[in-house]
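Here's what Swiss-Prot has on this protein:
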- R210: active site (ACT_SITE)
- K234: active site (ACT_SITE)
- H306: active site (ACT_SITE)
- R309: active site (ACT_SITE)
- H332: active site (ACT_SITE)
- Y341: active site, O-(3'-phospho-DNA)-tyrosine intermediate (ACT_SITE)
- 16-121: domain 'Core-binding (CB)' (DOMAIN)
- 169-354: domain 'Tyr recombinase' (DOMAIN)
Amino acid sequence: MRRELLLEKIDQLKEIMPWFVLEYYQSKLAVPYSFTTLYEYLKEYRRFFEWLQDSDLVAVERIADIPLDVLEHLTKKDMEAFILYLRERPLLNANTTQNGVSQTTINRTLSALSSLFKYLTEEVENEQGEPYFYRNVMKKVSTKKKKETLAARAENIKQKLFLGDETMEFLDYVDKEYQVNLSKRALSSFQKNKERDLAILALLLASGVRLSEAVNLDLRDVNLNMMIIEVTRKGGKRDSVNVAGFAKPYLEAYMGIRQQRYKAEKTDTAFFLSEYRGLPNRIDASSIEKMVAKYSADFKIRVTPHKLRHTLATRLYDATKSQVLVSHQLGHANTQVTDLYTHIVNDEQKNALDQL
């Protein structure tokens, strides 16, 4: 979704929200949470508040008029009823008779609500320096996580990674072969954005940065001589990230056409640009997601930008066998998250079984 459209949809949701949600929004914007995350959270709050109205747990016609004390006095049974509603309600916009949403969707909804309740009961301060209320019903609500061993998860992910020579083969494919079967119209669009798209793919594969970190890169954040970029990690922390050398020619090629191709002025600080209505704009996350999906599906298998992050992490662990190094590269505070990559590249167990 383009940034302008995303902000427009956020404004539409903000117009119907209670005052305390608007305060929450401003607080999380300062963290900073991404606009995409806040948009998804606002949608979850709308769904929850509409359920409160339909269930007669609040006697107001407008969501904006929902009082704060309604949230304070919600019971565990109320929240369990909401979860059951999510499990059993008919799916919308789907050609299926199946009811209910997935457990992943339910967990996402509960995560959004937990964030709001934590803000109201722990983080915000009233005039007396106290939170708005203390009773956090979300702490009594348990979520059901998908049961899967690291080995099983690793095996599933491994099929969607471009390991070994496939990293460069993927970039070469986009560079030289992807355009062969395109229509004239598609070819024109591809050629206009080819250098930019290759630079984005190469950066993701060579640094392992998150999608949001790539989107928010500014010109001043990129040092092509040192092959280091400055990014804003989760929680707003700034971090220096090394970039593998194979990305340099792609990044330099993009820089060579950036100003003229996208009509960039000195005020256009975003590193990766798109053109919208003849004007340069910072490329949005949705455009990168669609671009990665398009090229990867044509090459081998449809993947997400996050799988390119997994690809870098797996290749780096395979080369160094250092979880600490991989953790630092990805911006993780500890090595627990990187346990997955040891399973992806660990063939010792399979080799031992082959000897039986």
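For all residues, glycine too, the Cβ spot is worked out from N, Cα and C.
Recorded features from Swiss-Prot, shown on the structure.
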residue	record	DSSP class
R210	active site	coil
K234	active site	helix
H306	active site	helix
H332	active site	coil
Y341	active site, O-(3'-phospho-DNA)-tyrosine intermediate	helix
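Among the active-site residues listed here, namely R210, K234, H332, Y341, R210 has its C-alpha nearest to that of R309 (active site). Checked against H306 (active site) by C-alpha proximity, the active-site residues R210, K234, H332, Y341 yield R210 as the nearest. Across the range of the domain 'Core-binding (CB)' (16-121), the DSSP-based residue counts are 71 helix, 2 strand, 33 coil.
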